[in-house]
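The following features are taken from TrEMBL:
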type	residues	note
BINDING	ASP493, ASP499	Mg(2+) binding site
DOMAIN	629-697	domain 'S1 motif'
Amino acid sequence: MSMFNKVVKEFKWGQHNVRLETGEVARQATGAVIVDIEDTVVLATVVGAKAAKPGQDFFPLTVDYLEKTYSAGKIPGGFFRREGRPSEHETLTSRLIDRPLRPLFPEGFYNEVQVVVHVLSVNPEVPADIPAMIGASAALAVSGIPFNGPVGAARVAYVNNEYVLNPTRTQMKDSRLELVVAGTERAVLMVESEADQLPEDVMLGAVVFGHEQMQTAIDAIHELVREGGKPEWDWQPAAKDEALIARVTELAQAQLDGAYQIRNKQERSNKLKEIYAATGVKLDEEALAAGKLPIDKATVGNILFDLEAKIVRSQILSGEPRIDGRDTRTVRPIEIRTGVLPRTHGSALFTRGETQALVVATLGTKGDEQIIDALEGEYRERFMLHYNMPPFATGETGRVGSPKRREIGHGRLAKRALSPCLPGPDEFGYSIRVVSEITESNGSSSMASVCGGCLALMDAGVPMKAHVAGIAMGLILEGNKFAVLSDILGDEDHLGDMDFKVAGTAEGITALQMDIKIQGITKEIMQVALAQAKEGRIHILGKMKDAVAGASTELSEFAPRMITIKINPEKIRDVIGKGGSVIRALTEETGTTIDISDDGVVTIASTSSEGMAEAKRRIEQITAEVEVGQVYEGTVLKLLEFGAIVNILPGKDGLLHISEIANERIKDIKDYLSEGQQVKVKVIQTDEKGRVRLSAKALLNEAASGGSGAVESESAPQQ
């Protein structure tokens, strides 16, 4: 009899065979599931604390997605030869798993939960993120931890006007869409996508298609739980202190109502802090007078937050102005300035209300491309976008240092939005880095980065296919009433039921991100929301086009210039030289950067046009083919009894026979030539072994007969 109580579920899902198993590996975890999709294998584990820590006032969920290099049959690089800090891809996938799981834990559940997903085996054609999301959901479902799942997930492509479920990497190359959707049986919870300017109905169709197809995975998880699940925890939320809620409401309701009539964010925030502090002091005084212990500050804070949410939501649903006085459709005032920094390649300051992004574009060469060592193989990234939000952007103090998960996620979203409208490498050979520095934030800073990024790229002279703008939307739903909010504030983001970000051009959507906190959002509601988002996007695009009609026709004087030439691929080794000696000398002496592709395309970049021209001339010299009948100015390298060895091109020497130096008979070659002497010669013969015969006499004869090409050497022959 086996020591394992192993349960396996296998099913066909689209073009893939899927296997879920539990009960054999990681049995001391609260829940553990192995997912195998066509040899891409992940182990998802979850551990939950049986009780919350004292004073805990938020849900401490952590999700870590970890890729092991052995899964792809590799040994890690670096001195220690082991995996180090998480890569950007691992961080983004951790967020992708976290986002649909977090809303499904019950309100008031503050026990610590950690989800860890290990990638154990990788089929390069099958990305590991969908198996990881399915595995994390299944591990939570079998664990017995309070969780309103399971969650399903699917990737959707759009190839030849048809949706494709969980496409392979090869299929993705022909797709105009990459969309990941996650949700429960009843509702979509999360969408992350990049698209090639697709219309709203195609995007929404992909979301609905993905949600329908993920039901197969959800059904399999239900079966796994029935056979291998652990008993559900007997957890009940702490009983609400109705007397305390009533007292806090009595003390703070009127003041909170007044605070939300203040339109300025800083003034409103300061007022709210005063109300929170004053309410806490008053309650402490009352507890002391009654001989009771002070009331928990976290509990009071949660009650006040709920009151704030009710105020904001009821105002919006009853048609009253929003927090800052706008109606639901109005976009905040926009100010745009480009070329704001004198020595950068391109820059823009994009301000929308109290959200501001200073965005800078930098152009580089092929050598500046990011080399990414992924599990499926090494590749190069020519476009990078980095998002930074320092604490001063919200008027706070805090840690400044390496980017946090949120910053990495926002940067990737902005990159997804701009990528489809960048020119191809054949049209624009530069590598591109965009950095968005958020200098003020009150909601929608990632979308400000999209707008500012597009403007900075145009300022840098990047020929964008179209202007790209982004807008953050919110949604509030109570029963049958709902309101869609355009260009949401930070406070509306926290208090709403859905926030989604849409970026794109006048033609269509390039990036869509949705996070839904409740289960009642229907296809019809999403349709209304996307239509309103398009209206806002078109408005912002109009402002951007008024400010910047198109890409600058000239690059910044501080940006590198580029020229490309084509050489015979067999000559690449001559340009590089032994151990890189030739190309190293070329770059150092001309002040250029030189990149050579395997097919013989040489890219020369420099801020100096003279340096570029010199590098081009020397490369053309090195790679030039010797032609019979061509005249060259050569250098005498060595004198022999029967002639001289003359260098006519870099790496190319020829024999100038003693009989081909002059018309008269020569007794001593030293009377005519010396080593180091410059001499004009004509190629009279080459053979299949590459040997070259030269003649100076032929030029003398041509000169005597009135032909062209007679040029005397720098040092006249000695008589």
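In case you wondered, yes, glycine gets a Cβ from its N, Cα and C as well.
It is ASP493, among the binding-site residues ASP493, ASP499, whose Cβ has the fewest other Cβ atoms within 10 Å in the structure shown. Residues belonging to the domain 'S1 motif' (629-697) score a mean pLDDT of 86 in the model. Across the domain 'S1 motif' (629-697), DSSP assigns 7 helix, 36 strand, 26 coil.
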